[in-house]
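Visitor: Pulled from TrEMBL, these are the listed features:
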| type | residues | note |
| --- | --- | --- |
| TRANSMEM | 9-33 | transmembrane segment |
| TRANSMEM | 53-86 | transmembrane segment |
| TRANSMEM | 98-120 | transmembrane segment |
| TRANSMEM | 126-147 | transmembrane segment |
| TRANSMEM | 167-193 | transmembrane segment |
| TRANSMEM | 222-242 | transmembrane segment |
| TRANSMEM | 263-292 | transmembrane segment |
| TRANSMEM | 304-324 | transmembrane segment |
């Protein structure tokens, strides 16, 4: 009994791997910066970190739902750039167009690229890596052709509020519009994945696509919908990025798809599919931006930052995936023990 209780406790702790890693990173940089007389955990600094992480949360959710199905979306950064520059002229300060129109067009552009990704993967049987890799170059190329090295700025001030708006303060911590948007997105997809048939189908398809198809799930249709949602989230995140930058340019978000994958993995999603909690995306995004903010506060040279950032992210992903595997092993052991107990009970009764 004690052994079983210990396994249950360890499984719970391993399930909190993202929180453990997030706290470890925060404490590490708090101590290192504290040695240099910098209060890294000041509420103003934490507010900046969470605000920046909010942008990555939107993209991370889009990547996470694709990873849940056992796929990957490498076109997210390019979709962000293409959809934004395509409607950039309507977002300019001198434009009198109602901002709802370009926002809808941006989302429709994202949906179209997601639809093409889904069709290539399900109907043409192109692996997700190759299909989205091709879409990445296509969207990035179209963005460059469309703008021809131009940069569109400044943007409509009303539109910029989705990235720059401030709501209220709690002490020195400023709650911003991006934080609210990210939180609402997390709530929506938590409900969608946990409490709806669509969410259950996503998990089932990722865990065992063959069994999902034989059970009657239209897996092709499901995957197309997932890639549409993923690209729409990328397009929306693109709007938030250009609103923060106050400019549209085709070189936007060249590394965002890698950051989104990193956020998902640190957040506890398994690349094999069928495993992960959407709230982990928020923790993963905070870890990524905490590392960047910590190195900036230490005034590290940019080339050294790249090296250290890569090393720390690899360590965080490695730790998290190890804890996930341990949690799954403990849960399997507990399940086998419970099955064995039931079998012995039936034998004793008979």
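Keep in mind that glycine also has a Cβ here, set from the backbone N, Cα and C atoms.
Let's see these features in context: how buried, what's close, how far.
Guide: Distant neighbours of the transmembrane segment (53-86): 105-107, 109-110, 113-114, 117, 121, 128-129, 132-133, 135-140, 142-143, 146-147, 152, 163, 176, 178-179, 181-182, 185-186, 189, 193, 202-203, 205-206, 209, 222-223, 226-227, 229-242, 244, 248-257, 259-261, 263-264, 267, 269-276, 278, 280-282, 284-286, 288-289; these residues of the same chain sit at least 6 beyond its ends, with a Cβ under 8 Å from one of its Cβ atoms.
Sequence-remote contacts of a segment are chain residues at least 6 beyond its ends whose Cβ falls under 8 Å from one of its Cβ atoms, and for the transmembrane segment (98-120) they are 73, 75, 79, 82-84, 86-87, 90-91, 126, 128, 131-132, 134-135, 139, 156, 158-159, 223-236, 238-239.
Outside the transmembrane segment (126-147) by six or more residues, the chain places 66, 71-75, 77-79, 81-82, 85-86, 88, 113, 116-117, 120, 248-250, 252, 257 with a CB less than 8 A from a CB of the stretch.
Sequence-distant contacts of the transmembrane segment (167-193) (same chain, six or more residues past either end, CB-CB distance under 8 Å): 42-44, 46-47, 50-51, 53-55, 57-58, 61, 65, 68, 161, 199, 202-203, 233, 240, 278-279, 281-282.
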